[in-house]
Amino acid sequence: MAQFYYKRNVNAPYRDRIPLRIVRAESELSPSEKAYLNAVEKGDYASVKKSLEEAEIYFKININCIDPLGRTALLIAIENENLELIELLLSFNVYVGDALLHAIRKEVVGAVELLLNHKKPSGEKQVPPILLDKQFSEFTPDITPIILAAHTNNYEIIKLLVQKGVSVPRPHEVRCNCVECVSSSDVDSLRHSRSRLNIYKALASPSLIALSSEDPFLTAFQLSWELQELSKVENEFKSEYEELSRQCKQFAKDLLDQTRSSRELEIILNYRDDNSLIEEQSGNDLARLKLAIKYRQKEFVAQPNCQQLLASRWYDEFPGWRRRHWAVKMVTCFIIGLLFPVFSVCYLIAPKSPLGLFIRKPFIKFICHTASYLTFLFLLLLASQHIDRSDLNRQGPPPTIVEWMILPWVLGFIWGEIKQMWDGGLQDYIHDWWNLMDFVMNSLYLATISLKIVAFVKYSALNPRESWDMWHPTLVAEALFAIANIFSSLRLISLFTANSHLGPLQISLGRMLLDILKFLFIYCLVLLAFANGLNQLYFYYEETKGLSCKGIRCEKQNNAFSTLFETLQSLFWSIFGLINLYVTNVKAQHEFTEFVGATMFGTYNVISLVVLLNMLIAMMNNSYQLIADHADIEWKFARTKLWMSYFEEGGTLPTPFNVIPSPKSLWYLVKWIWTHLCKKKMRRKPESFGTIGRRAADNLRRHHQYQEVMRNLVKRYVAAMIREAKTEEGLTEENVKELKQDISSFRFEVLGLLRGSKLSTIQSANAASSADSDEKSQSEGNGKDKRKNLSLFDLTTLIHPRSAAIASERHNLSNGSALVVQEPPREKQRKVNFVADIKNFGLFHRRSKQNAAEQNANQIFSVSEEITRQQAAGALERNIELESKGLASRGDRSIPGLNEQCVLVDHRERNTDTLGLQVGKRVCSTFKSEKVVVEDTVPIIPKEKHAHEEDSSIDYDLSPTDTAAHEDYVTTRL
């Protein structure tokens, strides 16, 4: 295949080697640019600064050059998290480009802050974003800094950007037909979809919601619901949208985890944001929890804090209920269940009485309703047993006593469903599958009652049941009543939700029903296909003569595939093995037809039994396992829905007492009629300003309390998120890389400090020497006419016999050499021990007038290793000659070998009282061999000898050194 990718030379042999070359070659970097980028990579601050300064002067380096990986110097510094280099590069106005996005992706908060505060030069050309070439950029055009920061979920970076006033585009709906959406989708549908996904991914960031949303709970609820709906529409990005939806749900749950008291929890769960300040609202109706159930926020609802509050309200009348023995619980529930008629009558007569208030408790209400439904099932059982039998041959039998007792329950169920639909709305009503089951059950009972009435009115004769018509109203009513009994018994499963053991099982059963419906759709298609084929094959062989029973339900099955309906029944019952194989035979000797029919029948059984049935088992197993993995959350969510239905104010009385008008219901009815029918005659009394003001104040107080609690929750959540991130971070390869980078940067910083200290010390020495020269020239007047300029450094060697001995002992030197460092003014009291402080520097030798000629050769010491022995010997001989004359001449001398050495600069100040010595700082730098101009020689005289000594400064023009001897001290200046 190589010939498809590489050009082959015609004259080359067949087994020639494939030449390789770089097809997409890029421009090479110059050595200076490579060194510049390498210095940035290693964190060499001094080299980078030097390169940037040279680039401004000589223009030899492109400071915006790119390495083979496509990184500029700024991006390399951001990747290495070197804030000093980033600040340096920005000060030289390097090209920023996507540096802010790279810093956000790298989560370098300091770099992001520097880039946000960096102001571009006014002369820089501003290119519109639409004209920028984004082909080689790592980020798509729709990625803005705030969107990328939200993707990384870095709270600090998001806060910095939000403080700058950034904004996020509002995503349009999937079915939006505006001009912008239509044009964007037509131009590039993929970019349009990815852009919407990136925006939603940013909006779903927990840090962004916590920082910018006034009501984070409501934002998380609505966004998770919207993302869940988007996952159903955009199947291409279904997994991404579902993951974002789960992220929003988890954020709401984690935020609720931060509540620390029941007061905070009640403020959160009772907050209502859909009312204005002047509208009256209840402060204890769990409005936020109802909203969470509506948006199916299972993690939020099943959160332990929320469940604890619900449980405390559920068992309000029975504190410590869960700690009681199960036998005590059962006996208590049984007694309350038996007394539910008494409680109901008391509530009808006196709703505000103790018993009337007792039945309004959620737990008591649940027990009473359950006892009422169990009584209804008991009546159904009695009706099915026909205890009070009537004449079975009567075509229109009258209702029995049990049926008369069942009728109030049926009417009570119907009235309860009507009230529920009226209060919650049709949409909320049909979303609950149990309501649909109740609707079917009540419809069957209504149809049964109607048919019973028709049969009782129309048919009164006695006829044997065998002679009745197939569609006789009594027969149809009995069939519908039997089906309704099944639904009524199965409806009891909904009460299993209250139990922790049966609740998860009931939820798994409901999920399996969905799998069964999916399976039935495919199975019906297969069933209809084979039924059509078999009926087409056996239609011509229908048997009608000599048969007392026709069909597959006969003792001897026949005509199994004669009609389409009969074929469907035969194929269905064949799954359970109830159809014999001989039904594929025909009376005629048509073996081919029998073979084809048997083959079709066998193929159907293989597909339905082996494939489809096992697929159904696998689907049901998967659904059960899914529920089992989240059994606690699913069960608590279902139980909360059951509890919330009993927390409502209405529906206190159980069936059948709910059909009896209570005094409260009659009062509400009269009030409604009076308001709607007589509203023209009477005007509504306006509320006073005081009432409106108090209501507004209460609502405003609730709002402020909610915002205060929300502020505390957000702070706790952010702190917990940061702690968790630090805990889970651990040691990674990236950390090791950062550590190496820090070590490298520290190394170059130390080297830079050493080089910088050399230059700074030289400059300070020059300044100090210049000042000293000026002072001397002013004090001496015009006695010395011409003096040469101060040299680059001023080296002073102080010689004292005792000090030299001490220095020799401490430094293991034969001549006690050391350097003198200048003391700051605040440390003048330590001048006595200055030799110990400067023992590692310069030239220090001991001189004495008595034995100068003997010790001179052994007391000269050189710090620089580059000074040759010959130069040292020559300097020694010259010094001996000068000392033999009693003075040292002054002049210009070339000092070789001081290429890289440390010297100490001595600065002396003259006062009227004393001659003080200030020891200069160490100078470490690189010097070339140069002429050193020595201006004068100043003796250093102790205080006690100051009165006996005179200024012996003597000028010499061409002497290599200038030395003045004063008793025990000799001053030598180069």
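Glycine residues also receive a Cβ, built from the backbone N, Cα and C atoms like all the rest.
Within the set Cys524, Cys549, the cysteine that Swiss-Prot bonds to Cys554 via a disulfide is Cys549. Per Swiss-Prot, Gly425 and Gly503 occupy the same side of the membrane [matching topological domain names]. Between the transmembrane segment (476-498) and the stretches 363-383, 433-453, 512-534, it is 433-453 that has the most C-beta pairs under 8 angstroms.
DSSP assigns Cys549 (disulfide bond) to coil in the three-state reduction, outside any helix or strand. The transmembrane segment (404-418) shares more Cβ pairs under 8 Å with 433-453 than with any other stretch in the list 363-383, 433-453, 512-534, 600-620. Taking Cβ pairs closer than 8 Å, the topological domain 'Cytoplasmic' (419-432) reaches residues 294, 648, 650-651 in its own chain, all 6 or more past its ends. Long-range contacts of the repeat 'ANK 3' (96-118) within the same chain: residues 72, 74-75, 77-79, 81, 83, 86-87, 90, 137-139, 143, 145, 148-149, 152, 154, 156-157, 160-161, 164, each at least 6 residues beyond the stretch ends and with a Cβ under 8 Å from a Cβ of the stretch.
For Cys549 (disulfide bond), the same-chain residues 6+ apart in sequence whose C-beta sits under 8 angstroms from its C-beta are Glu555, Lys556. Summarising model confidence by region, the topological domain 'Cytoplasmic' (1-324) averages a pLDDT of 84. Across the repeat 'ANK 3' (96-118), DSSP classifies residues as 17 helix, 0 strand, 6 coil. Same-chain residues lying 6 or more positions outside the topological domain 'Cytoplasmic' (499-511) and placing a CB less than 8 Å from one of its CB atoms are 433, 493, 623-624, 626-628, 631, 634-635, 638-639. Taking a C-beta cut-off of under 8 angstroms and a sequence separation of 6 or more, Cys554 (disulfide bond) has no same-chain neighbours.
For the topological domain 'Cytoplasmic' (419-432), the DSSP-based tally of helix, strand and coil residues reads 12 helix, 0 strand, 2 coil.
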